[in-house]
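K.L.:
Pulled these features from TrEMBL for this protein:
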type: TRANSMEM; residues: 15-33; note: transmembrane segment
type: DOMAIN; residues: 123-332; note: domain 'Alpha/beta hydrolase fold-3'
type: ACT_SITE; residues: S200; note: active site
Amino acid sequence: MAASNPPKRTCCQRIRYFLLFPIFVIRLVIGFFRQKNRFLQWRQRLALTYLQVERTTFPEDLQTTTPTGVAIKDYCKKHKLPYRAVTITDIDTVSKAGSGVDVPPPTLHFVTPVPPTEIGPIILYFHGGAYVSPLRGNAHMPFVLRCAMACNAKEIVFLEYSLAPERQYPTQLVQAVLALWYLLTKLSLRAEDIIMAGDSAGGNLAGALLAHIVKPSPYAEPLDLRGGCFRALLFVSPWALLTVDQESFDKNAEMDYIDRPQVLAFLKSWMPKLRDVWADLCEGDGAVEVWDQVFPKQAGSLGLAKKAMVTAGTAEVLLDCCRIFAEVYMKAETVAAGRKTDFGVFARKDFVFAKCEGEVHVEPALDAAVCYWEGITMQAILKWLESV
């Protein structure tokens with residue numbers, strides 16, 4: 001299993017938590033009323049403030065983290081969603097001999113939206129969290145289920161990958177390769193049946209998997225799509241560039257809930273090889289050649305996807321990273337979206353970068369956590385998925 005039940009807090013940790021909780025509440029109230037982002041609706045500001053205050057008030061060992069598998073299972077039980085889990089033990093089939101990478105068996109969590117459909121696509125979803133945090137059930141689950149409704153997906157498959165620092169790069173890549181191998185081989189799915197999606201580090205992982213398909217890494221066996229291509233690819237605020245010297249890190253440092261020091265700490269935990277294109281999607285060795293195969297320049301040439309979308313908020317620190325990946329490597333058309341945008345424009349785009357006014361990192365997951373469905377990124381994604 002990729003994760004287990006969380007350890008119970010010690011007596012000392014419980015005391016520290018209850019002493020800090022009043023400070024958290026006071027900071028939350030003050031921070032909410034001091035929010036200067038005029039583009040966000042009040043529920044969006046509340047979600048953003050919560051994350052900002054949580055990370056500045058509670059040490060990492062006191063922040064609530066439920067393992068991915070537990071979060072998914074609990075959400076499905078609460079909302080009466082059909083659910084099953086499969087732990088993939090065929091590690092030796094995919095992990096390349098001699099790579100020196102010890103990879104635990106990952107778990108795939110299959111969730112059926114209600115009402116179910118019979119002929120829709122499968123969504124293969126990789127959650128974000130900088131490779132150090134699990135899926136957030138109250139945020140990721142309602143967001144991805146909305147995505148499933150928009151494209152009439154018959155099932156969602158969540159990969160529960162191992163987390164850093166206990167399991168560092170390239171463990172997660174090998175587990176993602178194994179997940180796709182399982183869908184193609186054991187379930188006999190075609191690439192055309194699959195919409196692959198991910199947010200933040202999950203977007204990085206989706207990109208790493210694409211890179212592995214066209215340029216096999218030394219860590220896992222090659223994957224064969226049998227001449228097919230994915231129905232669609234969705235990257236929500238993807239962590240596509242591992243350097244932190246972009247202008248948006250400075251411009252949006254006080255607007256977002258992550259910043260340069262945090263990203264550097266995430267990198268220290270994950271420990272990627274910075275020249276690997278399966279880690280640094282934009283600046284890894286051979287990146288241009290890799291993405292020219294995934295997204296060919298020639299009109300009419302079909303790469304690994306029929307359609308693809310990248311989203312980013314103009315108030316997030318990864319804005320420049322997302323823009324570079326979308327415009328330079330995916331060759332996407334940029335659409336600047338705001339409150340008054342006709343979101344139908346996204347349904348007419350095959351390869352598009354949605355640049356969403358005033359929103360922050362992985363905004364639609366934050367919106368879903370507070371049941372706000374009118375966010376700019378949220379509406380752009382759902383309208384685009386309706387055309388997939």
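Cβ coordinates are placed from backbone N, Cα and C, and glycine is handled just like the others.
TrEMBL labels come from automatic prediction, so no person has curated them.
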K.L.:
DSSP three-state call for S200 (active site): helix, strand or coil?
P.N.:
coil
K.L.:
If you average the pLDDT over the domain 'Alpha/beta hydrolase fold-3' (123-332), what number do you get?
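P.N.:
Residues in the domain 'Alpha/beta hydrolase fold-3' (123-332) carry a mean pLDDT of 97 in this prediction.
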K.L.:
Tell me, how many other CB atoms lie within 10 A of the CB of the residue listed as 'active site', whichever protein chain they belong to?
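P.N.:
That number is 26.
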